[in-house]
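First comes the structure, then the notes that go with it.
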């Protein structure tokens, strides 16, 4: 029984087991796969994921036409790429994926695969065989050729850009001769020339895409370069050219006609055309001698004669013109000319002949040849002396040996003379020389004859010329004066030609022409004033206008007597000028006197006379010439003292003169005739405020309507009799109950006249129901009345009117939002108005449209975006024009208008603002803000992680579209040489933002090399982070200037470093004021306590300008001295020394050296003490004299007056008051060496006015104790030194007592 029920019990269990095993199924999100085409083979492509509720082991598979692209792990479902993908070949396909649990049938599914494009293809030119021909006359900008390159990639990776990589031939002229446009069109960018530039060009072209992602990098793909060959077609635009620059030939003067001379040749300048050229002679210096054929051969065409060309260098000049057969492109003949030189060679066809001329001024014509000459010679002339007045030239026109001839002497007296030269060629000056001096004797013969023979050296043909020689007698005596010195006199104003003396004569025993004496004055002082008659010897005045005793009273002249034979003698003339009254008095200086009203004039007219002192000619008298105001003044006739007779009143002077009185003072002498000089003295009477303003009415009555704000109520008028603007300037004021409701504005009407315009302020109107009238008082005053003023009453009556304007409902002015770029249309809002008046008819008007971007005014860009209807409806007028980047907030200013309001009333409501917010769409790239700063790096101050520069950028987009990230693209170092080198890894940029402004902080990564001097050029990139769309970016270069350590300057202070640190900001402010630089502090330290110096601490710093340059020590010193205010402040803050770091470190060594030298000279102290005793007495006396002068100058300064120029602390330079004792500062510490005096006393006074020195470290100051029984001293001004030192704060190392002062004994003048 049990066995029969057992199968029944097992059957349900088996049925449950079979029903529970179900096939697997794919996950619902496995619908499509997207893979980049640059996915490497073997890389994971995707996973096949399936779910089996029975948890059976699953087996995965791929099948289908395109299954070969993938390989699948049958156990895990991981799919890897088995074959490379290519978007351009197959961008979409499907595969069949399957999964099985080995129990149920396999489950299959079609899985679409999308291949994503990557920038894996470079552009390809459609044709690589490029060539073209263009005319050389092609205009600039014309199309030369067009190329096309394609890129199968999509997006920016398929956008092709063309470029010309290089031009062959590579010359500066051809570098930019062509340019390629974005569409591949190549256009001419410059002029072509077949002959002058190049007949052929080859362009290397390249096509690149705009970049895209490939293998996880953004790259740009470029094509292989292709070459475009461009042939330039020549045009007939050039003239022909001769193959040689110069042609020359020679031909004998006896050459026959048609003899060939030379051949010229020219070629077409257009090498690509080479036109036929013909020749002609267009000009000739000897027409008819030569001819030229069409072949360029020049031949003899007539008889030649070389001797006709002697003045033309024996040459014939021919101008040969070469002409092309055809016309050029301009329709003109193309031709060129050149000069041909033909030298005509000589033939011996002439004999030598004689001419009476002097070379080179001889013409050598046949008619001028002669054979008789006359000459002269002194008797007994020395041997080889040529005879006189013989102008003989021998000439043979032939050339070379043909023109060479021999010269010789014949005739009765040939033995007494010789001829020179003996041999000559062409032409020569012929000289007959004395050969026998004894034979040339005037007493034996007064005339002699010789013959000069010229014989041709080749043909032996000759010519003869006879020379008649006359002998001259000679001179052997000289003239003499009876005296060696003559003393003469003449009045200084003698006329030209006046006789000084006629009694001076010289004697000569010779007779005839030798005894004739000529007188002259030798060059010297006075020859331009006097002259002598050459025949009589009379001395006369040559130029009377130059005689002036006041310039020179005595002249010394040398008189010379010369006979006919040029023998001479001299004597001395001493000429005295007698004084005459010929100089008018001279007034020195100009006289411009400024005196206040009721003041006194007292001035002395300074004058002198150049006539002889102690005579009436130089004695002066003064007088005042009549004038409009001369009766108010007097002048002393002897001293020239000018005074006013009575008090002066500015108002009594003509206003047009502006207070100026011009007096004329005459200064005359007592000579005969009396001479005088006039001088103008200008007395300016300065106005004082002695008159009150006066109103034109005592009471003014005005009327004004209520509710009229800003209207003119009325005008009051006043005038002032004073004559200067400072004293007659009138100001008005208003008082009385309700005066605050009015505004009184003064207006200048003219000189001394003004009006007060009484009006209501623009924001105040009167209300008749509140107050119907006002009783006011107006006052007029000017600056000098000491509280006195003139007044007048003003009565204002308010005229009654009525009005109620409409109002806008605030609820209808709530803001709305509108998207940009045409997103919305039609009505967007309604503006509602209301009016308490009955029967009101209202309409809404658009008053203004305010366009703002980021709360800033955007101009009128949004004026036409919206419109407002009369019923208050607001419509979009230009939906497509709405631009968030141009304007993000549009404010419509509207108002309500009541059409039924009485014209006298206000019909408009107050303006209401309806804000419309514009919503953004991303469409802008980031941009850098202009940076006016100059970034400077001082290597020893900057440390890693420290900011050295910054950039700022904005993006007009909002939200994520406007987020900017900075990065550094490149860093280059530009040295001073200059050379450029990359310096990557030295800087980084950190991005931060604040209120839409993104800041990139440039930080130093590692230490910089301080020895490198130059500029770090950092290129920074700004990139936005859009959620959708491409990334946009911008770049900017930054220059970071380095400053050398040699510009480090040390400033020493008399206080310690704690007090210097406390005063650091004041010190930097004073230094910045003086230098206009940025100050970089390196360190503040105390000085070595062992050094005996006034300085206790120092600051090391750099002073850098905005362009990166820094100040040296000398430049800093000069700039601090140039700013007296800053220098004074620095001295008060304790500055004592400027110097470089190295110079200060050597001070201790110098101090030790000085001590050794001092010990070496100790033996001389006894002598020095004795000398110094005398010097100190003298120095103290001179110092007290200077102190007394300084005290007098200080007393002359009016109380309360501010000096026009402050003193220079640390120097002995004074201001205009010249009474300013200075601080005890070493002159070299402030680089004031240029003020050093050559006097030792001046050098000492530069630091101190007496023996009491002032130590700036405040430790060695000593107070001068007062004597308990001394009498009270008279009051004196405090010394500026006391003021400066009393203002000093006590340093941290020592305390200063209050009331501490210093008395300088050098200024105590009581003992004088």
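Cβ coordinates come from backbone N, Cα and C, glycine included.
The average per-residue pLDDT of the prediction over the domain 'Cadherin' (27-125) is 91, rounded to a whole number. Sequence annotations record features per position, and here TrEMBL assigns domain 'Cadherin' to 27-125 (among others).
Taken from TrEMBL, the feature domain 'Cadherin' covers 126-242 (among others).
Residues or ranges marked as domain 'Cadherin' by TrEMBL: 243-354 (among others).
The domain 'Cadherin' annotation in TrEMBL covers 369-481 (among others).
The domain 'Cadherin' feature in TrEMBL is assigned to 482-587 (among others).
The domain 'Cadherin' annotation in TrEMBL covers 587-695 (among others).
Residues annotated as domain 'Cadherin' in TrEMBL: 696-808 (among others). Secondary structure of the domain 'Cadherin' (696-808) per DSSP, as helix, strand and coil residue counts: 7 helix, 56 strand, 50 coil.
The domain 'Cadherin' (810-928): residue composition by secondary structure is 4 helix, 53 strand, 62 coil, according to DSSP. Taken from TrEMBL, the feature domain 'Cadherin' applies to 810-928 (among others).
If you look up TrEMBL, you'll see 930-1040 (among others) marked as domain 'Cadherin'.
Marked as region 'Disordered' by TrEMBL: 1261-1312.
Residues annotated as signal peptide in TrEMBL: 1-20.
Taken from TrEMBL, the feature transmembrane segment applies to 1151-1177.
Assigned with DSSP, the residues of the domain 'Cadherin' (587-695) fall into helix, strand and coil as follows: 9 helix, 47 strand, 53 coil. DSSP assignment over the domain 'Cadherin' (930-1040) gives 4 helix, 61 strand, 46 coil.
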